[in-house]
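One structure is given below, encoded as structure tokens.
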Amino acid sequence: MKGLHLLRWSGSVLSPRTRPCCFIHKYPSQYRPQPFNILLRFQSSAAVPIRTISEPEDDTEPQNPAHYTLLPSPPPSRALSSARLSALHARLVLPPRLPLESLARCLVDPSADTNPNFNNASLSILGYDLLGYYTSEAIVCRYPRLPTEVTFAAMSAYCGSKTLAAVTREWGVEVAAAPGGEVDPGVLQCTRQEAGNASVNGTGTQFKDLPKVAEDPSTRPNPEQQRRGWSRGATSKTVYDDDFGDEIERTETDYAERPELRQEDAQRKAKRGVTLEVASAGFVRALMGAVYLHAGKRAAYNFFKAHILSRHLDVSKLFEFRQPTRDLSKLCAREGFESPVARILSETGRKSRHPVFVVGVFAGKDKLGEGSGGSLDEARIRAAIGALKGWYLYSPLEVRVPSEATEGKPWEPVLVDGGEVFV
Amino acid sequence: MPISLSLRPPSNLSFLLPSFSSLVPYVSRRNESSARRTTKRLRTKPDPSFTSSIPPSQVNDHIVFNPPSSAPSPYHTPPVFLPANDPRRTLLAQSHQHANPYDQPDKRLPPIVHKHKPYEKKYHLREKEIEEIRRLRSEDPYKWTRAKLAEKFECSQFFVGMVAEAPSEKKAAEQRMIEEIQEKWGRRRRYAREDRGKRRELWGKDL
């Protein structure tokens, strides 16, 4: 695998705004009655194909500050004068290659500005994929035997929407009450969704009681059966669903076949608004994508390590077993160990109100796990859980992830074994 | 002198008042005669693991590692679960400290929790016997229960349930019977049963 020299070809992908000459984007007059026909706006960073628009003569912005209110989001030229943006850039120790204008663009949610040249949709798709890639390789290489469901749970604990929303709060990013061109570009711009218990247009009905709009078609082959609770096994989640085991509404293939769908979806979302959690997650993902595009892979990985992977997660707390003793005996049969036997290691107060038993699970003469509890059954089950966790949480001594494989040493494959226990 | 006596504060004359000492709880005080007895009680010896193996010349020059007893960490993989190429396998095999104590011939394994030992599966039932089980079960499911059939054919009850499931009428009737019993439960028993179920769920989450 050879490293891509991003910066060599990024000129065509990255924002033209980062170089001195800007050009004007013709803004469609769809928002409000406008005092002049063509509203001048400056091209922000554009990962989408650049439209062929005649280059402007000079780099100007609206003379009258009142014209800012006509824009759905603050113009990129105002990013340089925002104290909040500079402070955020410095606080996160972002690479100097990342310009303030791109950071400002990361803060514009598609619900605030539907124009893909000015919102963070494209960056956040890239950032989503990067975060998913780095997180999944970190989890899978570190704990190669982890069950699928636990992997999904760990994925969403590291880079799910809830976590990224918490990260946004921890970074000190505030949310604009309503998006607009006059708002400081250093705050998160998004149209908030109506609360579920808000009344619809002053009537008595609440938003949560409204009949749901027909949602997007599912990517699963048999949506009927799935509504009845079928075919949502862990294995099918790896095939059909997203990084966190949740259902995908529309896939990139759908968008590739009908590109106008993306714009439609963005507009629909803008109408309905988004939750704060979704907008915050979109911001962090977009920032990840922007760091990758502007500063390269190494900087992106460092950013990921500093802000996502450094968060503490106790993977052993993510497990839930229904029949651990049965699972353990299946595991021992599969791996060729002797069948597990529970043995009392120590006990106290058997005839008292609060006895404590310490039970170990043994395969032959080897102790697999140990657990304690107030009854023999509890101690036995906890010991079986301890043994299963000991199996699933195996971690190799030297962990190398595939993204490090390009740097010098050849790649050695990680452990692949029988996988989780199926009964 | 009479004048100096009158200047004495009345609080000093408490011995003239009736005694309240019987109302004050008795607190043991250390005094000269009892000091040896009471300080001896405080003099406890340190745990042998702190001192035993250390020569007196190095007493002030070592690290004491004596962690309190606690549940083992789930991140500690038992040696049998390590893959064949893991370096920890050979390291643990060479170590005396982490050697399996039950490998020694004179060391006996601790007692089993349940008295019945894990049985050996016999795999002795053929197609004919299985047909017989199914026939008996369908003829009279109330007489030929899982336990009876398991006893007759010398297999496990689980196996009987696997090859010959009870007819749905019998299952429904049993379910009805259980519900009738549960309806007679009072509040305390019902709550106790529910709490027991919840506690059991917590075991599975290891909480």
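In case you wondered, yes, glycine gets a Cβ from its N, Cα and C as well.
TrEMBL assigns the feature region 'Disordered' to residues A:249-268, out of the candidate ranges A:49-68, A:249-268. Across the domain 'RNase III' (A:85-173), DSSP classifies residues as 58 helix, 1 strand, 30 coil. Model confidence over the domain 'DRBM' (A:323-393) stands at 94, taken as the mean pLDDT rounded to a whole number.
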